[in-house]
Amino acid sequence: MLLARLTHVSQEVAATSARSRKIALLAELFRDAEPDDVPIVIPYLAGRLPQGRLGVGWKVLSRRVAPAAEPALTVREVDALFTDLAKVSGAGSQAERARLVGELMGAATEDEQRFLFGLITGEVRQGALDAVAVEGLAQATEAPPADVRRAVMLAGSLQTVAQALLADGPAALDRFRLTVGRPVLPMLAHTASSVSEAVGKLGACAVEEKLDGIRVQVHRDGDTVRLYTRTLDDITDRLPELTGAALRLRGERFILDGEVIAFDADGRPRSFQEIAGRVGSRTDVATAAKEVPVSPVFFDALAVDGRDLLDLPFTERHAELSRLVPEPMRVRRALVSGPEDIAAAEEFLAATLARGHEGVVVKGLDAAYSAGRRGASWLKVKPVHTLDLVVLAAEWGHGRRTGRLSNLHLGARTADGGFAMLGKTFKGMTDAMLAWQTERLQELAVDTDGYVVTVRPELVVEIAYDGLQRSTRYPAGVTLRFARVVRYREDKRPEEADTVETLLAAHPEVRP
Ligand SMILES: Nc1ncnc2c1ncn2[C@@H]1O[C@H](COP(=O)(O)OP(=O)(O)OP(=O)(O)O)[C@@H](O)[C@H]1O
């Protein structure tokens, strides 16, 4: 497929607000696409680079290159060039990157140059586009949209499903069944402001501890165990004690969902940073395991003995979990019959906080497991409310922080797929965090005036704050009071960051 076609459709999709028109435009595009174009076309439409990082900085991008008169570039040629770019390293890499970018831009028309520039800088991110693409794909291949959605959920990748569908038609959807050894995107939670709100919404429910560790999906098939993170990375080799625990369970073939957590000598949960450090360390696993031994705590069962449990009510899935997993390895919970039983739910929350955990997740008993989605039947309640925001830029520090990128510009998502800056912070950062962010943000840099470094909006950071106040300086009309960094959320994509809309909804006091 020609890049010009994609550029044109991308402009048309951005220009219309009608969902049905967007779907029709994408359906037309998919009908014309070769199956091998799809793994490139879908991320490009959403403003994502399949290669992740290209290492192309603003210096290279700011060079003007005369555009081509006629469109000739194909999306696969662009992708091949991006792959070459991502591989460039070592001495002379800056010049080599400049050469490759020059070659690419010189072969692109003016429209295409604009599109490619937006893609490389991360300017055009359209988070909502994947959902529209699912519908467009269903329309193009005459497959039922619900079946395409379920296949995407199970494959964990829209591109994989799209490629199979375009190559083999709707029959290909049968291939995407829940399979032990193939990870699925985990179900996520919505937020409720209190347990009474959550119980009021859900009725009969289980109130479970919310453990502040790392989400883990454990697959066992006989003697083989594999462990996956929330973003489906395989971390089996890093956590041998989890493999051991899974092999000691009664079942032979299962998929369980839970959290990896570590306790100190007094049985209190260790900090998230310690657990994240442990899960992140690939080298010398044995020493790391001695310093921070971790254990799994399970809260759901997705498959047992080859049976797919996803569509069963939570009560039945939990019964299977209890059959397999002994109580100490299951999350603590209280069953609550409904709002009349609210005292029991409050009491459980208080006891959970007293044990050092971060809050509770309230779960409807009848609900199925909605993999890859924020299900309405899981509501998290945390007394300390934080925001997940995206770093838009950073300022070079002064004094003790000279040479470090320090003051972060923080953005929330806007309805049009962009980001609105809400304020800045240089508080809450450890020295290790400063060093890490200086390096990482420079990799993401797309522009600088020597003081403020603008970056691709990719890094999600969790921010604590004391409230909002009105401000005419910021585009959303509000700014954060006393914002400070809690941690980086490398397991989250910018599309998952908080939106201006939800933030304003949570703070009626600042609404005009
Ligand atoms: N009992 C539990 N049930 C479900 N999730 C739990 C539980 N205990 C801890 N968790 C963790 O809490 C998360 C639920 O919140 P959510 O789905 O919104 O993810 P998140 O955005 O990563 O949340 P947060 O930033 O609040 O940890 C899960 O991803 C999981 O890692």
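Quick reminder: no glycine exception, Cβ is built from N, Cα and C everywhere.
Not measured: the values here are computed from a predicted model.
The annotation ATP binding site is assigned in TrEMBL to Glu208, Arg215, Arg230, Glu259, Phe299, Arg374, Lys380. Here Glu208 (ATP binding site) comes close to Phe299, Val331, Arg332, Arg333, Val360, Val361, Val362, Lys363: these same-chain residues lie at least six apart in sequence, with C-beta atoms under 8 angstroms from its C-beta.
There are 22 other CB atoms within 10 A of the CB of Lys210 (active site, N6-AMP-lysine intermediate), with all protein chains counted. The annotation active site, N6-AMP-lysine intermediate is assigned in TrEMBL to Lys210.
Taken from TrEMBL, the feature domain 'ATP-dependent DNA ligase family profile' applies to 287-414. Taken residue by residue, the domain 'ATP-dependent DNA ligase family profile' (287-414) breaks down under DSSP into 38 helix, 51 strand, 39 coil.
Around the Cβ of Phe299 (ATP binding site), the number of neighbouring Cβ atoms within 10 Å comes to 24.
Sequence-distant contacts (6 or more apart, same chain, Cβ under 8 Å) of Glu259 (ATP binding site) comprise Leu211, Gly213, Ile214, Arg215, Val216, Pro296, Val297, Phe299, Val331. For Arg215 (ATP binding site), the count of additional Cβ atoms within 10 Å of its Cβ stands at 16 [all protein chains shown]. The Cβ of Lys380 (ATP binding site) has 18 other Cβ atoms within 10 Å, all protein chains considered. Distances between the Cα of Lys210 (active site, N6-AMP-lysine intermediate) and those of the binding-site residues Arg230, Arg374, Lys380 are shortest for Lys380.
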